[in-house]
Amino acid sequence: MIFSTLEHILTHISFSIVSIVITIHLITFLVDEIVKLYDSSEKGIIVTFFCITGLLVTRWISSGHFPLSDLYESLIFLSWSFSLIHIIPYFKNNVLILSKITGPSAIFTQGFATSGILTEIHQSGILVPALQSEWLIMHVSMMILGYAALLCGSLLSVALLVITFRKNRKLFYKSNGFVNESFLLGENVLENTSFSAKNYYRSQLIQQLDYWSYRVISLGFTFLTIGILSGAVWANEAWGSYWNWDPKETWAFITWIVFAIYLHTRTNINLRGANSAIIATIGFLIIWICYFGVNLLGIGLHSYGSFTSTFN
């Protein structure tokens, strides 16, 4: 009872803090001068990280097993992963771009986890025999950390595509005469003062998005690879085969292939930027199919802890 109450308190405290942090981010996005307010939001994410950590530890102690046995626990761990990805660059380089992605991602996942949809599995149950293995921590934690990093990196690529598309659309309007000559003449005058600085800022932003997208996706790909390999070893111990082409395994392999292609395109300078970002955007959709969409089916060797099983 005590652990359940503590878990309930930590869940709502962390969710409330993340909600406040998102609001602060929106305010600082509109008013750049409020530096102290932004610093408060960063401290809020750190507090959220420790609250979610306390929540996971509490659930671990109360259940007797690592809290990664169902969809609710994996969503909480995913939210924890987003917070972890947020605070590490903050302490090292104070990366502002990444925080715009990790904050909303954390509140989205934790908000869904604490919603009424998953109420029936909020209480920890007995671990099913298939999950009673020392590989649980290694395999599932690496997979969730991989998903979190890949999602963040993919969202950075989506932002890169949006900015690039807006820039190209403006150039398209100019080249096809959709803007009248007098307007272009006035614009050319302004280019001597503000256009160069604006384009420099946009170019720097695109480069940063591309750089951090690559860095975060590389990290996520490493986690995903470790997760798949450890899962194969676990599968051999549990089911007698390293690979069974289960729906979850198949989509995890597809996810790995997509991001392997992304990393391969990065070796070609001409394919960096928007071209590789398109592949990462496709990967973003594939991750959600692998992580959440397959659970909707409720079939296969990974059907335990699925979304549909919560209502059976």
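Numbering starts at 1 and runs along the chain as displayed.
Using the three backbone atoms N, Cα and C, a Cβ is placed for every residue, glycine included.
Keep in mind that this is a model prediction, so the values were computed, not measured.
Copied over from Swiss-Prot:
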| type | residues | note |
| --- | --- | --- |
| TRANSMEM | 9-29 | transmembrane segment |
| TRANSMEM | 44-64 | transmembrane segment |
| TRANSMEM | 71-91 | transmembrane segment |
| TRANSMEM | 111-131 | transmembrane segment |
| TRANSMEM | 143-163 | transmembrane segment |
| TRANSMEM | 216-236 | transmembrane segment |
| TRANSMEM | 251-271 | transmembrane segment |
| TRANSMEM | 277-297 | transmembrane segment |
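Scored by C-beta pairs under 8 angstroms, the transmembrane segment (251-271) has its highest count with 277-297, from the stretches 44-64, 71-91, 143-163, 277-297. Here the transmembrane segment (277-297) does not touch the transmembrane segment (44-64). Their Cβ atoms form fewer than 3 pairs under 8 Å, with each pair 6 or more residues apart.
Remote same-chain residues near the transmembrane segment (216-236) are listed as 85, 98, 133, 135, 138-143, 145-154, 156-157, 242-244, 249, 252-253, 255-256, 259-260, 262-263, 280, 283, 301 (criterion: CB distance under 8 Å, separation of at least six residues from the stretch ends).
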